[in-house]
C-alpha cells in the first residue's frame, strides 16, 4: 500500500539474492537514474554502478562497461528494474573472489549481531514508560532475555506509542488500528504511520521499511527504538527548553555556535563544563573510549552531587569496580540504570550517551536562577523566533534528513552555511548536477571555500529554474534566513513535482504543475459526491480540515473514520481535525513534515506539499496495481496553470 512495503521482484530466485535493505538501496539508485533521464538504458548503468560502495574498490566505470557489453551489447536498450538487478549481479560475479558480500550468503543475512545489553536497556525503558498503557499493559513487562520485543513490535502499536512518549502528540492515536486481531493491511498501515512519524520527529529510517518491522528484523528494530529513545532523552538539550545552558558559552565563543550544536555535542560540552570545574584535566570527546575507565564519570558525579561524593571511587584500580561504584552513586540521583558496569568498561556508545543524558535530566548542575544573557546573545533566544520561521526550519530539516544525505542536519540555519549539505541534497534530488571536483568538503576553515560551495549551489539552483535574482554564495554563507527558507522551499517543491512527473504516463506526458495538483484534488473530492472545493491552497476555508479529510477518504475510502471528524468550527475542533489529517496521511504512506498549525493557519506551502503527497500516493497505488483511473488520467481540462507562488509564499523572496 505504501512506499515502505518491501520491494518485490517477480523472479523468486532473483528476490532471494538480496535483502530488503539491499533491494531498496538499488531501487533508489534505479529510480534516481530514471528521474534524471526519463528512462534507464544500458549506457546509464556503468556510471551508476561505479558509484556503489560494492564496486568502488573493485571496478571503474570502463571496466563495468566492458563487462556489461558482453551480456547487454545494445547500449540504447531500455532497462527495467529486474534487468537492472541482473546486470548488477553480472558485474558482481566478476569480482576478485567471484562472489559478493552483497548476496545473501552467510555474511549478509547473519551479519548483524545483537547487543543483548542494549536490548535489555531498551526493553527496560519501554516497560517503564508504557507499563500503564491500557492497550499494552497486558503484554508488559517484556522479558528482556527473550525475543518477545521483536514479536510485539510487528503490528506497529508499541512503536507508535513509544514515539508519542518521545514527542507527545506526534501521532493521533485515533488513526491507529488497535483491534486485537489486525489484518495485513491494517498492520501495514500502523507500520507506515510509525515510520513516517519517526521521520517527522528526526529519526533516520532510509533503510527501514514496514516489511522489516513486520518481520521483526532485530538490528533494524533496535536501531529504530534507540533513535526514538535518544530523541526523548535529548529533548531538553537546547536553549529554549533549558536556557541555563547559556552558561556553557565561553568568553571567546558566539552563542550562535552553541545553538548550532547537535544535542549529542551539546551534551558533551555540558559534561566537559562540569569536568573542568571539578579539576578533570582530560577532554571527553565521545561516549565510548573516553569514558571506559570510569574516571570522567567519577568527577562528573562528584561535581553534580557533592553530597554523595567519595574519593574511594577514584582510588580504585579495577575499572569494573569503579564502574560499579559510579552506577551506585548515580542511583542515588534516581537515575535508572541504562547500562551495566560492563557497558561502561566496554565503551557502549549508545548506552553511555543515554546514561549521561539521564544524568543531565535528573541534575544538570546549572543555575536555578534565570540565566543572565551575554551581550552577544540575540533577542531571539529570549523570545522565540517567528513561529512560522521555526516551523519551516523544522520541516526542511526533517525533509533533508529523510533523504538519507550523508550529513545529518541539526540546525538548518547553521549547518547549511558552508554549502556542503546543500550540495549533498542537490545531488540526491538531481543526480549528477554537482561537480564534486569543485566542491570543498568540511571541515572548511577558509571562508572563500565556503563561498565556492555556495556559488555552485546557486548555479545549480538557476539551472533548475529557481527564482534566484541578485543572489550569490555570500548570502548563504552569511546565513540569510529568508533566503535559505525560500531556496529550500523551491528545492522541496521541485522534488515533489519531479516525483509526480515520474508518473507522468498518467498525464499524457505533460509536466505536472501546482494547478494540476489543485484540480486533481478538487476532482477527486467532487467525484465522491461531496461539495467541498478548494479555490487555492490559500483558501481560508481549508483551515477546518474537512477538504483534506474528504480527499483522503476519496483516495482510500476506509481510511477516515467520519465519526471522529468534527465540523471544525472552533479552534479546538480545527486542531483535532488537523492532527487527525496528518496521522491518516502518514498511515497511508505519505511522508510529510507539517504541523497541525500549518493546516489551521492555511500555510500555502505546506498544504501544497500535503496535497501533492496524497496525489503521489494515489498515483503510485494505481501504478503498482497497473490500473488506470479515468479521472486521474484526464488532464485535458487543465488549461490554467499557476506560474509562480505569490510573494508571501517565499518563492519570490529570493
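Easy rule for this one: first residue shown is 1, then count along the chain.
Yeah, the Cβs are placed from backbone N, Cα and C, and that goes for glycine too.
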Of the ranges 595-624, 625-654, which one does TrEMBL list as region 'Disordered'?
625-654
Counting by DSSP, what is the helix, strand and coil composition of the domain 'Calponin-homology (CH)' (511-619)?
74 helix, 0 strand, 35 coil
Stretch-averaged pLDDT - the domain 'Calponin-homology (CH)' (511-619):
96
Three-state composition of the domain 'Calponin-homology (CH)' (261-364), taking helix and strand from DSSP:
68 helix, 0 strand, 36 coil
Would you list the DSSP helix, strand and coil counts for the residues of the domain 'Calponin-homology (CH)' (390-496)?
68 helix, 0 strand, 39 coil
